[in-house]
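Read through the structure below, which is laid out as structure tokens, and then see the notes.
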Amino acid sequence: MRKIKLIAVVGPTAVGKTALGIELAKTFNGEIISGDSQQVYQKLDIGTAKASKEEQEQAYHHLIDVREVNENYSVYDFVKEAKVAIDTIISKGKIPIIVGGTGLYLQSLFEGYHLGGEVNQETLMAYREKLESLSDEDLFEKLTEQSIIIPQVNRRRAIRALELAKFGNDLQNSESPYDVLLIGLNDDRQVLYDRINRRVDLMMDNGLLDEAKWLYDNYPSVQASKGIGYKELFPYFSKQIPLEEAVDKLKQNTRRFAKRQLTWFRNRMNVEFIMVGEENYQQKIKRKVSDFLSSK
């Protein structure tokens, strides 16, 4: 069976994924699938850096605003709904372009491992999500408990080994139906960090404080409230810290998150990054996409 061609734009927060995704969608007759765990939530627009209405008018976006704020969203939900979106886009004769920085979601969509049956697949992904939330120390402690020997530097192999130990022969390795062109965006670290700091300031100017206060007042304990951009402001609302300290914490957490994203994509998905500071970087990417789409 011929594989479905997908384009995936990945990289750290604030690097310019949204803008590139829209440009590629306009150039190659594509539609965008958001690969972000927070952008699924309605009414949370500023803190999630959701594509603006003007940007969404330039290219159709899937998996944005598909959950109420008080609903949970899992990697299983994403994979299931992303597959539907891919089929919908393909049926229109268009190119699916996945844009996002939630690495576990993208990896789970692209790879071929699965358990038989829909309920079992949900079980696998829930277990994987639980393992991913563990620290390195806790993860390798689980390996030790089960007498599994894995190099401590390799989280991916560790998680796969634990999945195999839990599910055994029920864990099947089928070929992925997707042929994916991974486009990784990166920038000089200090330039990226400066951009993150400026973006947080712009978010505050655009009403992030009010958006976070609404979430704090109405849904302080839901999954969505745990996201970066909201949880840092909650201590300010409860009068534990001044606003300046909360904003500084938000900037710091976002920078750390960007670093973790880069590490994930490098180590877990073998992404080769293109520096957005390079001259004509978008033209280079467009040539890669054109060659990919024209190949058999």
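Cβ coordinates come from backbone N, Cα and C, glycine included.
The annotation ATP binding site is assigned in Swiss-Prot to G11, P12, T13, A14, V15, G16, K17, T18 on the grounds of sequence analysis. DSSP assigns K17 (ATP binding site) to a helix in the three-state reduction. Within the same chain, residues at least six positions away from K17 (ATP binding site) with a Cβ under 8 Å of its Cβ are V9, V10, G11, V99, G100, G101, L185.
Around the Cβ of T18 (ATP binding site), a 10 Å sphere holds 24 further Cβ atoms from the protein chains shown. Feature annotation from Swiss-Prot assigns substrate binding site to T13, A14, V15, G16, K17, T18; the stated evidence is sequence analysis.
Sequence-distant contacts of the region 'Interaction with substrate tRNA' (36-39) (same chain, six or more residues past either end, CB-CB distance under 8 Å): 47-50, 63-65, 73, 78, 99-102, 105, 224, 227, 229. Look at Swiss-Prot and you will find 36-39 tagged as region 'Interaction with substrate tRNA'.
The feature site 'Interaction with substrate tRNA' is assigned by Swiss-Prot to T102 (among others). T102 (site 'Interaction with substrate tRNA') carries neither a helix nor a strand DSSP state and counts as coil. For T102 (site 'Interaction with substrate tRNA'), the number of other Cβ atoms no farther than 10 Å from its own Cβ, over all displayed protein chains, is 19.
Feature annotation from Swiss-Prot assigns site 'Interaction with substrate tRNA' to R128 (among others); the stated evidence is sequence analysis. According to its DSSP assignment, R128 (site 'Interaction with substrate tRNA') is helical. Long-range C-beta contacts of R128 (site 'Interaction with substrate tRNA'), restricted to its own chain and to partners at least six residues apart, with a cutoff below 8 Å, comprise V75, L104, S108, I159, E163.
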Give me the Cα-Cα distance between P12 (ATP binding site) and T102 (site 'Interaction with substrate tRNA'), rounded to a whole Å.
9
Fewest-neighbour residue among binding-site residues, criterion Cβ within 10 Å, set A14, V15:
A14
So if I draw a 10 Å sphere around the Cβ of T13 (ATP binding site), how many other Cβ atoms end up inside it?
19
Between G11, P12, G16, which of the binding-site residues has the fewest other CB atoms within 10 angstroms in the structure shown?
G16
Find the one among the binding-site residues T13, V15, G16, T18 whose C-alpha lies closest to that of T102 (site 'Interaction with substrate tRNA').
T13
